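Q: I'd like to ask some things about the structure below.
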Amino acid sequence: MTNYGLVIDQERCIGCQSCSLTCKQENNVPMGQFWNRVLTQGGDHVDTPSGDYPEGGDGGTLEMTYQPTACQHCENAPCVKVCPVNATYTRDDGIVEIDYDKCMGCRYCMAACPYNARVFNWDEPEHRPEDGTGDVAERPQGVVEKCTFCSHRVEDGLDPACVVNCPADARIFGDLDDDDSTVSKYIAEYDTHQLLDEKGTDPSTYYINGEMSPGRPWKSKKLESELDDDEAAKAARRRSGSVENGYDVTPHVPAETAGGDD
């Protein structure tokens, strides 16, 4: 059975944000929202008209580290566990998706996700015509959305848009259960890791880190702090009840939908 996954080579990533932009175009992601993000660490400087840059790094060399992140399509996905209406689910091929007709906008999935990979449409989504070129239907107000591994492309035998449009070839996509697939060979050959693996989520996205710039390992606490920068996600976490390993694992069922006798 097919089990899709992704390898991101941080030694190749140049922080160009092409993955973020092509994702928005392909999936008609609303203005102000991003499914793909590239976090940046280091290299603080001021770009002045005189070109005066403060020194940084060893020998005065400015260094940058880039951490691409999106939905990790976890095998043990906490977002799937906490959804009270089963709107978030895992497909047979391992891709985690959302049924927008079922989504009630409770945002428990946002509270549960340790990667802050989901966004909520608080208002009626706005799109610029030049930004949306994909065939994916726009999501309505009041639902959560996120990366889908471009499942509409995958079903047609194509790679996700972020993979195809990465100018540095830093992304490798394929079947994790096929030992002969390129993505499986990368995982077997290189020293890969999963983000926040201590959470027990078992992501389907793997990262290659090196000791050389630009790719260098990020400490878990630093990464978790960077990921947790969305006010809606933090507010949802505060409303969560039972928390285990950093995310809510208790299914929340609205009283009006709960089963049982009156």
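Heads up, the Cβ atoms here are built off N, Cα and C, so glycines get one too.
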Q: Check Swiss-Prot for me: it has Cys103, Cys106, Cys109 binding [4Fe-4S] cluster 4, so pick out which one of Cys74, Cys83 it puts in that same site.
A: Cys83
Q: Which one is it, among the binding-site residues Cys13, Cys16, Cys150, Cys162, that lies nearest to Cys83 ([4Fe-4S] cluster 4 binding site) by Cα separation?
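A: Minimum Cα distance from Cys83 ([4Fe-4S] cluster 4 binding site) across Cys13, Cys16, Cys150, Cys162 lands on Cys150.
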Q: Taking the centroid of the Cβ atoms of Cys83, Cys103, Cys106, Cys109 ([4Fe-4S] cluster 4 site), which other same-chain residues have Cβ within 8 Å of it?
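A: Output for this site, in sequence order: Cys79, Val82, Pro84, Val85, Ala87, Thr88, Ile98, Met104, Gly105, Arg107, Tyr108, Val144.
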Q: If you count other Cβ atoms within 10 Å of each one's Cβ, which of the binding-site residues Cys13, Cys113 has the most?
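A: Of the binding-site residues Cys13, Cys113, the highest Cβ count within 10 Å belongs to Cys113.
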Q: May I ask which of the binding-site residues Cys23, Cys71, Cys74, Cys150 is closest to Cys166 ([4Fe-4S] cluster 1 binding site) if we compare their C-alpha atoms?
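A: With Cα distances computed to Cys166 ([4Fe-4S] cluster 1 binding site), the winner among Cys23, Cys71, Cys74, Cys150 is Cys23.
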Q: Comparing the binding-site residues Cys71, Cys74, Cys79, Cys103, which residue's C-beta has the most other C-beta atoms within 10 angstroms in this structure?
A: Cys79
Q: Taking all residues of the domain '4Fe-4S ferredoxin-type 1' (4-34) together, what is their mean pLDDT?
A: 92
